[in-house]
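First up is the structure itself, then whatever we jot down about it.
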Amino acid sequence: MSDEESFVILGSSPCSSLMPDSSLRSDVCGNAQEAEETVASTSTQPPTVNCIPVSITASQQQHKSLDSGSSQQQSLATSFIMGEIQSDVLKNSVYSQFPSLCSLQGSAEEVVKLQNMMTEYLALKSTLDKVNQTMLNYHNLTQQWRQEAADREHQYKEHVKECQAQIAILRVENQELKRDLETKIEQIEGVHTIRLKEQDELRKSVSEKQSLIDNMRVEIDKLKQLNHSFEFVPEYATESKSQELIKKMQLDINELKARDIQKQEVIKGLQIQNDIYRRDFEMERADREKNAGEKDQYLMDLRSLQRRNQELIEALAESHKASKACSTASPLSSSRSNLREEQRPILDPTGASSRTSDTTLRCPICSKSFNALSVLQSHVNDCLDKN
């Protein structure tokens, strides 16, 4: 029995194409002829073993029983190797096919057949153990690849979720900073408008007072000129009036100067406050630019992660193809070619990538679903550029 025929044991019964009746009968007839030749040769030699020869008619009857019960023997051998039946059942089957063994009377032909059968069974069992071990190794390797692919996919999904959460937080902070900045700008503009109005009023008041002082000086000069043309009056009367007028005007001038000093102090305070607001505005603008730079960095990191994800997927597909090529070049490829389609294990090295492509992919920004990873990446880049 060859290695190719040994794989039939995996099923419940052997294929008719692999074990035809004509071939079985020809093998039985050939074995019968060999047994007859062995008996003829041993009859010419002195007996060395205490055994009684069996007649030719009994040998022919055993061949007929072997021909009719070959399928049952094959099934019992398969069940015994697979551990489905006990050794006693197989012994009873052998004794039923070789009745001479029960009476300790066996021909050389039966002994040779029994030895060949046991040799074939042992070789078949060893081959099945090797095939089962190989298939178990392939199964473990496939499970390991699938688990690694699932772990990578889970890690990438978690990282995308973290990036999405950070983007959402930065977006909220950006909106809050914009609102605060707009509010402060409005306050600064309102305060600046009020200060401009006060400065205009102060300028008008100072200009009015200055014009009044100039007019009074002109009047004083005119009065001095007219003083020479008029008749001299008592000096003490005119001097007292003029002194009172000068004192009064001096008081007005001092009062205007004091108000001017107060307004200047108010203007300085407003300028200091304006400088503080300006510094706050510049700091906020710097923070906003910093946040924009961090956002660009996060976008670059996200795109690099997407490229790295694509490279890993392509590398995984290439490794699956390489493993598939190696598996087809193994020495067991010739043996597996004779398996039936329902008995042949199907190894799909690209199963992880196909399951990844069959699952629905969603955009982390707009939650739009896609079927292809490349389309999703281009859409995510467009969404990030829009935002």
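In case you wondered, yes, glycine gets a Cβ from its N, Cα and C as well.
For 60-331, the entry in Swiss-Prot reads coiled coil.
For the region 'Leucine-zipper' (302-332), the DSSP counts in helix, strand and coil order read 27 helix, 0 strand, 4 coil. Look at Swiss-Prot and you will find 302-332 tagged as region 'Leucine-zipper'.
For 325-337, the entry in Swiss-Prot reads compositional bias 'Polar residues'.
The helix, strand and coil residue counts that DSSP assigns across the zinc finger (355-385) are 17 helix, 4 strand, 10 coil. Residues or ranges marked as zinc finger in Swiss-Prot: 355-385.
The feature Zn(2+) binding site is assigned by Swiss-Prot to C363, C366, H379, C383, with sequence analysis given as support. Long-range Cβ neighbours of C366 (Zn(2+) binding site) (same chain, at least 6 residues apart, Cβ-Cβ under 8 Å): C383.
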**OP:** May I ask which residues of the same chain, at least 6 positions away in sequence, place their Cβ under 8 angstroms from the Cβ of C363 (Zn(2+) binding site)?
**Re:** S369, F370, L376, H379, V380, C383
Original post:
Counting across all protein chains shown, how many other Cβ atoms sit within 10 Å of the Cβ of H379 (Zn(2+) binding site)?
Top reply: 16
**OP:** Compute the centroid of the Cβ atoms of C363, C366, H379, C383, then list the same-chain residues not in that set whose Cβ lies within 8 Å of it, in sequence order, for the Zn(2+) site.
**Re:** P364, I365, S367, K368, L376, V380, D382
